[in-house]
Every structure is written in C-alpha cells, then in structure tokens.
Amino acid sequence: MSKLFMFEKPLGMRDALPGYFQTKRNVQRVINDEWESWGYLPVETPTLEYYDTVGSASAILDHQLFKLLDQQGRTLVLRPDMTAPIARVTASGLQNQHFPIRLAYHTNVFRAQQLEAGRPAEFEQLGVELIGDGTSSANGEVVSLMIEALRKTGLTTFQITVGHVGYVNALLEEVLGNDERADDLRRFLYEKNYVGYRQHVENLPLSSLDKKKLNSLLRLRGDWRTLDEAVNLVQTPAAREAVEELQEMKAVLEHYELSDYIKLDFNLFMHMSYYTGIVFESYGNNLGVPLGSGGRYDELLQQFNRPAQAVGFGLRLDLLVEALGLTGAVPSQTCILFSPERRPEAVDHARKLRETGKRVVLQDIRGVEDVDQLSDSYEDVISMIGKKKEGAAHE
Amino acid sequence: MNEWLTIAMPKGRIFEEAVQLLRKAEFPIPPEFEESRKLIVDAPEANMRFILAKPMDVPTYVEHGVADIGVAGKDTMIEEERDVYEVLDLHISACYLAVAGLPEYEKTDVNPKVASKYPNLATQYFKQQGEQVEIIKLNGSIELAPLVGLADRIVDIVSTGQTLKENGLIELETIVPITSRLIVNPVSYRLKDTVIDDLVERVAQVIGVEEQL
C-alpha cells in the first residue's frame, strides 16, 4: 500500500465546505420546519449500535453494513438507517407512550465503503416515522409530508411512485400457491430483471392464462387508473385489501390536493421482506437515483418486542442538494477593519451592528494579507484605521 | 410525447443492429446515421440522442442516469451487477459464455487458474460448480492464456467457435446463453414511463416477443 498523501480521506467520506454546507443546511432547515409543523418530534440515537439488534433488523443488506468491534469483541455497526434505531427507542425509552407516535430525524448514516464514485459511505438522511397507526390516513399523511417537504425545498419537478407489496404477494400466491416459488419471482422483481422474470414464468408448469397474469404484473403501472387494471387482475381478499388501501390513500391525497404528484407502479419492490404494505420512492429531474424512499413496515417493531404497525420514509440530503444545485451562497457579511488604537470603537460598532442582525467580522489590519482581496470578499467594509476622526469613516 | 431519450450503445455491430431495430419500429432515424464516428450522435426527428461507449461501460452510464436507456450484453450485466432495469431481450448478437481449454486439459491437484475478461462472473460460476479457482483478469485475446501457460482454462464469449478452433482450444462447459438487453435507469423508468413503455412495446413487436409483455 502506498503512503497516504496528507489530503486524503477514507474512501467514500466527504467534506462539506462553506458553500455546500450552507446549501445543505438551508434545505435541511426547510424540511425540518415542515416535519415539526406537522407535529413530528425530532429524536437522536447513537452512531453505534449492536449488529445483533439494530444491524440485523435494518433494511440495509448485510454486506452494506459498516462493521467494527467493541472492547468485548461484540460486533457493532455504524447506524445504516434510522428506522431500526427508532423502532428500538419506541420499544424501550418511549415504551410508556401511547400510540400513535410521530418521530422525525436528521442524521448521518453509514454504508460499507465502495470503490465506485457516487456511493458515499456516510451521508445525511432526513425522515419521519409514524408508529402505531395502520390507517390509510397515516399512509396518506406520510406521503403528503414527503411531497410537501420536497415542494418546500424549491425542487420544481419531482414525482412519487407508489407500489404495494401486499398486492404483488397476493398475485404471486394466487397463481403459484406456495411461497418458495413466489420467492423466485420476487427476487427477479427485486433485482429489476424483467427479462429473467418472463423467462422464468415461461418455464413454469402453468396454464397460459396464469402465465399471462404473472407477466401482466410487469405492466401494472401508470396513473391512478392503473388501480382498475389491478382490481381486474387478481380478486383474492388480500389483493382486494391492497387495492382498497391504495384507493383510500388516493382519497386522502386528494384531500391534501397532492394526488397529481403520484404515479403507481406495482413493481416497485425495494426489499425482499422488509416492507409489508405500500412502498414509495421519490424522483427528481436530473438525478439518476431516487431522492428518498419509504413504506409500511408492520413487522419490524415486533422484533423489538413492541408489535406495532408503522409507516415512514427517509430523504437523502446529499442527493437533494445535488438535485437542487448549489444555491446557498454564503450570506453577506460586513467587515470592520481596525487598527489597534481604535479597537474599542470597532468592537462597540460591531456589537451594535450584530444586534441589528448583521453578520460582522472584526479584523485587525495588521493580520491582513491582502487588503484588496479582503475588500472583495465582503459586501461592506468599514475602516477604523489611524487616528480617530469625528464619526466612523466609511470606505 | 416530445421527451428526449438518451441511449447508451456499444460502438460497432450492436449499434448498427439496434438502430435497425429502432427503424423497423418506425422511429425516424436518418439513413447512414450509424456510420458517424462521433461519440454522441443526435437523431432529433426521433427525439433521441445516442452515446457510443465501450460495451462493458454501457450499464455504468445507465446506472448513473446520464443515459436513460442502453443496450448491453447479458454478459456485462452479470459481470457489472448494476442497479438498472433489464426490460427486454433484444435477441441480437446472440452468443454464449463458455469455459474452454486445451484438448488435453485434465483436472489436477494444482491450484486451478482461470483467465477471463469477466472476473466476477467467472468466480460466481465456479462457486456454483463447487470449485474454487484463481481468476486472472485479462482485457482481450483471452485464448492466449492456456496456450502460453498463464492459466489452464478460460471463460469467454463464444459465438461461432471459430476463434477457439483456430487456436487449438475446445469448449469444456457451456455457462449461459447471451443476448443484448434493453436496460433502463430506475429513475428514467419512472419519470419517462410513457416514452419508454412506448419504445419497449414497439421494439418488442418488431422482434416478435410482444405476446410475452
């Protein structure tokens, strides 16, 4: 291994310099304000968790976990997402609080380092979890909140795509019966391999009608009218229930006047087993990866011994900033340039300006490398140099 | 529907065949279009822009979203494991992956070495066969490896078998059939769904697999 250059950072780690930081913080504040105005309470959890608890309960695949050992030799993970830690908190620290519980977070999460660009090992995530409410109002609320948050950031074109894991499972089980055979097809959906899916269906010992049914799933997407096709395709109770849930959610979103942001896609299949009901992802123009995702996960909480239905989502702050572009110019600042004999006057003037809400830099002239360059980087420069004259001299 | 589609394609024969398919699907792509030597060629009549890349790199362009869709061999899809939708088998440039070696090859107790352009794919395959091998990554002319004693077997694409034959190698095992696939970026798949579904349907009709859709 070659010697490190002093500027190098571990793979996948990034700095946030002032311009980037400002943009990021502006976006984050807007979103946090939105969550909080909907009554979601922010929480924080530790950076390190046990692999056997939060690590294994998390939706993030094992090989993407950032692992290390504690002094007792137990495996720890750098928190890969916030949903599992929040489930842990809900079942422990908040165990006496009645459902529903509304929590929000803004934190950095970690993924195992990967060589490829565009896959940071640490990034910030903002999200909400609505725990202990299984209603369609809850589904509609979190999806609406995602839309409102994205709108508030100033993102002009974006879309939310909604699917339903319950429907896919109902269809697969109706045609295939046992779960194992359904698992094969679920894997193809998860791997986004539709060619493989169709080839696999072709080789199954099924009637051509059933094969057609399975293949129809791949085309089950579009606007809300897709729901009618979905109803016609499968009529089992579980499938009906799933479609009804989506219909109810549509009504909720119409009440929020946000249903236009939604498209349906029954093939949205983000995880093999984690989600249990609706799932959704958000996409912004000019970015090849989803900005955020979420869904209903009614089986996670029971792993922490407090069974409850739950729905939530996370947005990736780094991707949002990329989609929005660097908009956060460092705010304008005033500089008071003083010579030592006039320091008291300069300090006093700075205090007064700061009280009016201005950002003021106090700079001793002897510490300046290049006065012209300094003048250029401030909106306003006030000179307090040399013998005191009547009144402060402006440059 | 006047949304532009950016399509990543391998240079050469696959590009020509794919453009033929698109023409048959009645996309207005100008004649002699595929003879250009530029790396980016536009077909404004069809609202399409083509990016011409190395075959192995096509899934990368599509995964990062600089291309909405792409045409990639199944071999590169297995090797690269990119997060993209594989929506259609185009049934062009058909060939298969195979293990080949010298006719006198016999399994020995010595650590078996395999040379390939596809290190991930080869590792995966031998794992499934219950054999642990050491992979030597080469970038081309793989047939050389057993001839000069760099490895005892190779994993490579076979289309007619002519290259193997001319170099005195024989096919030992067939791994998997390969064809070119239409792949789609996950975000484009959702945001440009109407244009993409239309393209997929029209192309599927041309290659006669629409009944499968």
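Including glycine, each Cβ sits where the backbone N, Cα and C put it.
Since the structure is predicted, the reported quantities are computational estimates derived from the model, not experimental observations.
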> Which residue of A:ARG74, A:ARG111, A:ARG119 does TrEMBL report at the same L-histidine site as A:ASP81, A:MET82, A:THR83, A:GLN125, A:GLU129, A:TYR274, A:TYR275?
Replying inline: A:ARG111
>> Max CA to CA distance in Å over the L-histidine-binding set A:ASP81, A:MET82, A:THR83, A:ARG111, A:GLN125, A:GLU129, A:TYR274, A:TYR275?
In response: 21
> Considering the binding-site residues A:ASP81, A:GLU129, which residue's Cβ sits among the greatest number of other Cβ atoms within 10 Å?
Replying inline: A:GLU129
> For the binding-site residues A:TYR274, A:TYR275, which one has its C-beta crowded by the most other C-beta atoms within 10 angstroms?
Replying inline: A:TYR275
> By a simple count, how many Cβ atoms lie within 10 Å of the Cβ of A:GLN125 (L-histidine binding site), its own Cβ left out?
Replying inline: 21
> Just how many other Cβ atoms lie inside 10 Å of the Cβ on A:ARG111 (L-histidine binding site)?
Replying inline: 20
> Do any residues at least six apart in sequence from A:MET82 (L-histidine binding site), in the same chain, have a Cβ closer than 8 Å to its Cβ, and if so which, in order?
Replying inline: A:THR45, A:TYR105, A:THR107, A:VAL109, A:GLN125, A:GLY127, A:GLU129, A:GLY314
>> For a quick check of packing: other C-beta atoms within 10 Å of the C-beta of A:THR83 (L-histidine binding site), how many?
In response: 25
